[in-house]
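A.B. asks: Got a structure here, written out as structure tokens. Questions coming.
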2 protein chains.
Amino acid sequence: MALAIQHADVGRYTAHPNPRVGCVLVQGDQCVGAGGHRAAGEPHAERMALAAAGSQAAGATAYVTLEPCSHFGRTPPCVDGLIEAGVSRVVYACEDPNPRTRGRARGRLEQAGIGVTTGVLAEAARRLNPGFFQRFDAGRPWVRLKLAMSLDGRTAMASGESQWITGEAARLDVHRMRAEASAIATGVETVLADNPRLTARGIDTDRQPTRVVFDSRYRTPADAAVCAGDAPVLLLGAAGAHAAAAYPEHVECLAVPGEGEQVDLGHALQMLAGRDVHELFVECGATLAGALVAANLVDELVIYMAPRLLGNGARGLVELPGLEHLAQTPMLEIVDVRKLGADWRMIARPVMPAQAHPKACSPV
Amino acid sequence: MALAIQHADVGRYTAHPNPRVGCVLVQGDQCVGAGGHRAAGEPHAERMALAAAGSQAAGATAYVTLEPCSHFGRTPPCVDGLIEAGVSRVVYACEDPNPRTRGRARGRLEQAGIGVTTGVLAEAARRLNPGFFQRFDAGRPWVRLKLAMSLDGRTAMASGESQWITGEAARLDVHRMRAEASAIATGVETVLADNPRLTARGIDTDRQPTRVVFDSRYRTPADAAVCAGDAPVLLLGAAGAHAAAAYPEHVECLAVPGEGEQVDLGHALQMLAGRDVHELFVECGATLAGALVAANLVDELVIYMAPRLLGNGARGLVELPGLEHLAQTPMLEIVDVRKLGADWRMIARPVMPAQAHPKACSPV
């Protein structure tokens with residue numbers, strides 16, 4: 001199963017909107033076939049492994065990181081493929097979270113006389129697709145909030161000057177994170193201030209993530225860098241807002257229910273999940289970052305730390321208005337720390353719900 | 001030599017004002033004696049190792065982490081001891097930085113027909129006593145600035161509430177750092193706000209460091225916790241300032257030249273070095289911390305990071321007024337990162353001089 005998890009990596013950047021899945025076929029103590037699902041429309045991991053094993057698939061045990069599909073999608077059901085190939089046993093790490101198909105593989109396989117075992121390395125296999133599971137479990141994407149700061153928690157000088165806070169290795173890591181995501185999101189203030197492209201660059205991938213702007217009043221200029229290129233763009237505006245700009249065809253204005261001129265962030269994430277955004281990588285300013293954190297909508301903070309001190313006059317990392325006592329402040333667990341050139345990256349996850357923010361809305 | 005460095009650890013908390021030194025005596029491939037210098041007035045490392053080896057010292061090679069002393073201090077010269085014991089060769093890691101004795105051991109030993117080798121693991125041996133070397137090389141102590149912060153670089157809520165930002169393991173580590181230091185320093189604002197004791201607690205040591213308060217106008221109350229106990233207290237005041245309080249005998253008011261009502265920090269550190277303060281552990285507020293950093297007087301930042309977010313409304317880590325551009329901000333190198341309970345500790349060292357601060361003075 002550990003090997004199957006490794007094979008899932010072939011779809012790291014490209015499997016979206018499908019889950020990353022790996023499969024290994026074993027006869028005795030020998031691997032007779034292995035494969036991973038690279039991209040939607042291409043064969044699933046099981047089909048890749050069966051093709052690699054050929055006639056050696058008969059009687060083999062199949063290890064799959066996710067419950068094999070039992071429905072017709074863009075490709076025929078993998079359960080049928082496994083049955084036809086004559087495997088003797090199927091071990092899968094975890095059930096498909098999609099309620100339409102969840103748990104259906106077991107019955108089909110057992111009916112065909114194939115032994116089924118589940119739950120092997122389930123947690124590690126789930127981590128291949130945190131957003132795919134969360135989308136079905138909680139109705140919203142897995143949200144990674146990227147923050148880049150100095151050692152003293154500052155993002156930019158008071159003037160806004162922030163170029164080159166982190167180095168080359170950290171920037172490449174950000175592009176890797178972008179490339180993994182279903183979509184990359186930011187706030188309109190960042191679009192107006194920094195004009196980011198929100199594309200994954202320097203990464204070997206043929207898929208560009210969807211770009212999302214929290215933009216209550218559709219202030220994103222039609223010629224903003226975020227609107228360039230082919231990858232879809234979603235501008236999340238307030239229900240009553242109207243776009244003045246004439247956007248290119250791949251830019252869609254999406255009305256999100258909210259309060260007044262603001263966009264309800266939870267609602268926005270639900271809508272993104274409904275559009276197959278499983279993993280959302282957010283790169284934004286302190287206001288939107290704080291609003292997401294305060295609303296408990298962040299699953300992982302990805303913090304790039306440059307070994308500099310900018311001082312208290314510089315701009316801070318997250319706006320968390322209304323917090324007066326330590327007990328109210330969001331508590332995290334640092335789950336990963338690593339060196340990237342001269343910089344360090346920390347990944348932190350919430351461990352206790354922060355006090356709910358009165359208004360979980362985007363900045364106007 | 002690596003073993004000798006380990007033996008120096010016996011004096012980690014107690015050797016002050018002497019350097020931490022270890023010594024190993026080797027015959028062939030066998031260690032026949034080893035020892036470290038525990039505390040001033042007690043035998044030096046060489047004497048400990050010679051006593052352990054007894055008659056086996058004759059013909060042995062002595063590995064010492066520092067040039068053996070050749071002068072009468074509180075104990076007779078170790079060079080004489082090594083000669084009398086009949087060692088055949090002496091290997092020491094680095095020369096004594098004290099200009100009174102530097103380099104004298106070699107001649108004495110060679111005159112006695114003993115081979116001398118130096119420079120073995122010199123850098124590692126110097127790190128045993130960063131302040132002892134710096135005091136003689138640069139005329140000021142090795143300054144460690146301790147900072148405790150949230151993940152977003154905040155030290156306390158706006159109200160000042162800061163208790164329990166970091167956990168038990170981090171607090172014990174702070175006490176270990178305190179116990180290692182010659183002196184623990186803070187600013188008078190911290191004394192007035194938090195009333196710290198500045199003692200090393202929960203550590204197996206019979207020495208308490210000197211306590212130092214940057215206190216231009218001698219505002220430290222005579223009944224402040226920092227004045228309690230037996231360990232000496234130095235209040236660093238401005239040249240013209242007068243202490244209104246009647247302090248206990250172990251509290252000394254020391255006039256430091258400066259500008260107006262302020263204390264010149266560089267001068268203060270020079271004066272501390274003159275009083276055998278080799279390693280200074282500073283725990284203070286953002287203003288004094290920033291002044292020390294801006295004046296390039298900090299050798300190591302010891303940053304304890306609690307996995308919390310306090311938000312931009314909370315108090316910041318270092319005041320660095322006058323910085324407008326990134327290029328002016330202090331650049332550091334993170335040399336050590338480790339987990340302490342749920343917290344993380346980072347040690348950072350300056351790699352480029354920060355732009356000199358116009359006034360390297362203490363806050364009044």
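For all residues, glycine too, the Cβ spot is worked out from N, Cα and C.
Keep in mind the model is a prediction, meaning the values are calculated, not measured.
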A.B. asks: Looking at the substrate binding annotation from TrEMBL, with A:SER162, A:ARG178, A:LEU198, A:ARG201 already listed, which candidate in A:GLU67, A:GLU84, A:GLU283, A:GLU300 is the matching residue?
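C.D. replies: Substrate site check in TrEMBL: besides A:SER162, A:ARG178, A:LEU198, A:ARG201, the record includes A:GLU283 out of A:GLU67, A:GLU84, A:GLU283, A:GLU300.
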A.B. asks: From the binding-site residues A:HIS44, A:LEU198, A:SER216, A:ALA286, keep only those with a C-beta under 8 angstroms from any C-beta in chain B, and list them in sequence order.
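C.D. replies: Of A:HIS44, A:LEU198, A:SER216, A:ALA286, the entries that lie near chain B are A:ALA286.
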A.B. asks: Sorry to bug you, but what's the C-alpha spacing from A:GLU283 (substrate binding site) to A:SER216 (NADP(+) binding site), rounded to the closest Å?
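C.D. replies: That separation, Cα to Cα, works out to 17 Å.
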A.B. asks: Other than its own, how many Cβ atoms are within 10 Å of the Cβ belonging to A:CYS78 (Zn(2+) binding site)?
C.D. replies: 29
A.B. asks: Which whole-number mean pLDDT does the model give the domain 'CMP/dCMP-type deaminase' (A:1-117)?
C.D. replies: 95
A.B. asks: Filter the binding-site residues A:CYS69, A:CYS78, A:GLY290 down to those whose C-alpha lies within 10 angstroms of the C-alpha of A:GLU283 (substrate binding site); answer none if the list is empty.
C.D. replies: none
A.B. asks: Considering only the binding-site residues A:CYS78, A:ARG178, A:THR190, A:ARG201, which residue has the minimal Cα-Cα separation from A:GLU46 (active site, proton donor)?
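C.D. replies: The smallest Cα gap between A:GLU46 (active site, proton donor) and any of the binding-site residues is with A:CYS78.
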